[in-house]
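Asker: The structure follows.
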């Protein structure tokens, strides 16, 4: 029998995956879950595509030119693959909402791509990857019959620890609202709510891995209506009360919400749960009832403003962020002024604003009376100046206050740490407190998007 000389053996190098993620927090979560799936196949993540064996581009289709960004990336990857030696092959995959929307068109325009996978098929990634390695071109953009979340592996605790003490947890996916500007119902499908049991188990996995703050995710997260173990249907408020009882969890958040699904039980949770952070992203898109109707938002501006009042009455320290679209088809100067009035009434801590761009397949793409681009530009600039003023006002209003901060990571300088304020903004503070601890700080100053604090004597 021939003996193996240990000196001539070397460990097999782990396979490396690089994932480029575009878009929303759910895409970030999806990329993390794909990483978890691949870790069971021997893959480790790398921060550079140059030494990757597998590159996945996780795409977003919400805004214009999303597909163009993808094809630009794929052009660079084509050159990278050409420069590879035979002993260092490269597999390329496209995932996310552009994958769902474009499908086979991606393979036609970019033959470098080996697999195209829609958001509902991530639980099959290891299996589909093996087929792609055998030379097959893979397209999987069907909506899964089975529950994809039930087939995803448990979180990789080591990977979770590397990501930090805050984590995303998807509880709901898809949307049934069919706003006329939005592609989400077509790329993510109908609303799916995970069960209470699934969510609780994943939350416990994250907590065991050191997570202290969980943000519940959904395209329409407050539309979540999951089944409990006894067969009852819970709403998001019920779920928040339930998760708040988990040992080791210090903070809860959720995003993104639709005004129509902000029910009284959810508002009560903001009143009753100190660990539910006083920050809410509640998009309205426009302040004009005429435009809201054209967008199929299913509410009027007065409903939204009344909702803001109810939430503030329940949680006076809450901060609101929002989304706004300018230049929707048919938007007049008067419609735009209604949006400005609404913003002035609400007083946002931050907001996202965009020029309308028609998305293929949506009702909005078939509408007439398009607004001139120069008018869109002027309106967007006007709106953003106002929103920036409100953001700065909010930041200045917190100077001199005391607040609790979740310490997340070391800062740039020795003895400095970066934490997360209740209002989501980062806080820089000189402290020896460990990552994951919650400390009280005194806000001394504010920049354009962060606070500077000092420890109190508490």
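Cβ coordinates are placed from backbone N, Cα and C, and glycine is handled just like the others.
Quick paste of what Swiss-Prot says about this protein:
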BINDING   24, 60, 97  [4Fe-4S] cluster 1 binding site
BINDING   175, 179, 182  [4Fe-4S] cluster 2 binding site
DOMAIN    15-134  domain 'MTTase N-terminal'
DOMAIN    161-395  domain 'Radical SAM core'
DOMAIN    396-457  domain 'TRAM'
Asker: Measuring Cα to Cα, how many Å separate residue 24 ([4Fe-4S] cluster 1 binding site) from residue 179 ([4Fe-4S] cluster 2 binding site)?
Answerer: 18
Asker: Per DSSP, what is the helix/strand/coil residue tally across the domain 'TRAM' (396-457)?
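Answerer: Counts, helix then strand then coil: 3 helix, 33 strand, 26 coil.
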Asker: Under a criterion of Cβ-Cβ distance under 8 Å and sequence separation of at least 6, what residues of the same chain contact residue 175 ([4Fe-4S] cluster 2 binding site)?
Answerer: 182, 184, 185, 188, 190, 191, 219, 220, 223
Asker: Taking the center of the Cβ atoms of 24, 60, 97 at the recorded [4Fe-4S] cluster 1 site, which other residues in this chain have a Cβ no more than 8 Å from that point?
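Answerer: Residues close to the [4Fe-4S] cluster 1 site, other than 24, 60, 97: 22, 23, 26, 27, 59, 61, 62, 66, 96, 187.
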Asker: What other residues of the same chain, not counting 175, 179, 182, have a CB atom within 8 A of the CB centroid of the [4Fe-4S] cluster 2 site?
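Answerer: For the [4Fe-4S] cluster 2 site, the extra neighbours are 177, 178, 181, 183, 184, 185, 219.
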Asker: Among all protein chains shown, how many Cβ atoms are found within 10 Å of the Cβ of residue 60 ([4Fe-4S] cluster 1 binding site), not counting that one?
Answerer: 19
Asker: List nothing but the one residue from 24, 97, 179, 182 whose Cβ has the fewest other Cβ atoms within 10 Å; the candidates are the binding-site residues.
Answerer: 24
Asker: Using DSSP and collapsing to three states, where does residue 97 ([4Fe-4S] cluster 1 binding site) fall: helix, strand or coil?
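Answerer: Where residue 97 ([4Fe-4S] cluster 1 binding site) sits, the three-state DSSP reduction gives helix.
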Asker: Rounded to the nearest Å, what's the C-alpha distance separating residue 97 ([4Fe-4S] cluster 1 binding site) and residue 179 ([4Fe-4S] cluster 2 binding site)? Just drop the number here, would you?
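Answerer: Each residue's Cα considered, residue 97 ([4Fe-4S] cluster 1 binding site) and residue 179 ([4Fe-4S] cluster 2 binding site) end up 17 Å apart.
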Asker: Compute the C-alpha separation of residue 60 ([4Fe-4S] cluster 1 binding site) from residue 179 ([4Fe-4S] cluster 2 binding site), stating it in Å without decimals.
Answerer: 17
